[in-house]
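Feature annotations, reproduced from TrEMBL:
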COILED    5-39  coiled coil
ACT_SITE  129  active site, nucleophile
BINDING   183  substrate binding site
DOMAIN    221-326  domain 'Pseudouridine synthase I TruA alpha/beta'
REGION    387-411  region 'Disordered'
């Protein structure tokens, strides 16, 4: 009898030890998972050691703290002048980094989602590069149902604002469901003054004649349609299918004066999608043609298999204006559950923000630093002809695929 009791006690002890070992394995696996999800550019080991030395422990999970989150679309505006682009980048000040920090603070996303945003299904409609701004950027992300936009914006830098949140379908993706994007490029009209003039015109007093504005519009129209834009990006050759892009419209506004008295125009381009530097190179070539540095024959050649040396305009005047969701709106915008992503209720706020932070920065910077005038002095260095150093490479076959092959926006 005593032997049976001893054996039973040993069995219970063995099961207890096995259970403890199993729990340890689970804890270790969870620790490894958390480590993998953490941002790789943060020294988390040092942080963990400091927490342990100070007696700080991770709080146990309370099921009551679980917040139900649903797929949402957010409307974002920002001036990118002091940021290294939209996309999160290790060690860099970016728009997304500021956005995620405030989202975590207000518990819109979890710590795990902050460290790896894919967990929250985050996706931007279009990327923007260093110094490039966005008037109506749209991102998709899983968010709680109860949100306080006013309190959220108070914690954001003043040059970044979140204007609206709309519930969307479970499978919505801000990039994939976007069927078109509109960008603007705002620049002083003196950029189009003839390069043959002995004395360059003064930026403050120059006024573009109507016939020159008409020439700008005619040149921009040559880009419209489905064409091969391999010359307007980097590391793509003519045979790459992704080099073909559809430009729906490319127009020039009537001239207007900035508060500093400088005359500007705004070029507006709408297309399905754009490649790296595509818009800035299209603007750069347009300026060169109108000024007389080259002719429209260069543009025609640039759309063929030749690899040409083309100028790229500065990034200051480039703004992501609108991302379009016509197909999504037609299918789900009138189903009684979801609202169309037109953001009409927020338009007045957005316009006020654009004028105060985005365009005001463009006007002020151009008036004080004359970035575009400095760039104009480099146009004569371009040959507008075949790149000799690349002729051999292209003749030999396709180039190595670039990491920017599937661009979701002009950078």
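Here the Cβ of each residue, glycine as well, is placed from N, Cα and C on the backbone.
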Should one count Cβ atoms within 10 Å of each candidate's Cβ, the recorded positions 129, 183 would be headed by 183
Residue 183 (substrate binding site) and the residue listed as 'active site, nucleophile', Cα-Cα, nearest whole angstrom
13
What counts of helix, strand and coil residues does DSSP assign across the domain 'Pseudouridine synthase I TruA alpha/beta' (221-326)?
29 helix, 32 strand, 45 coil
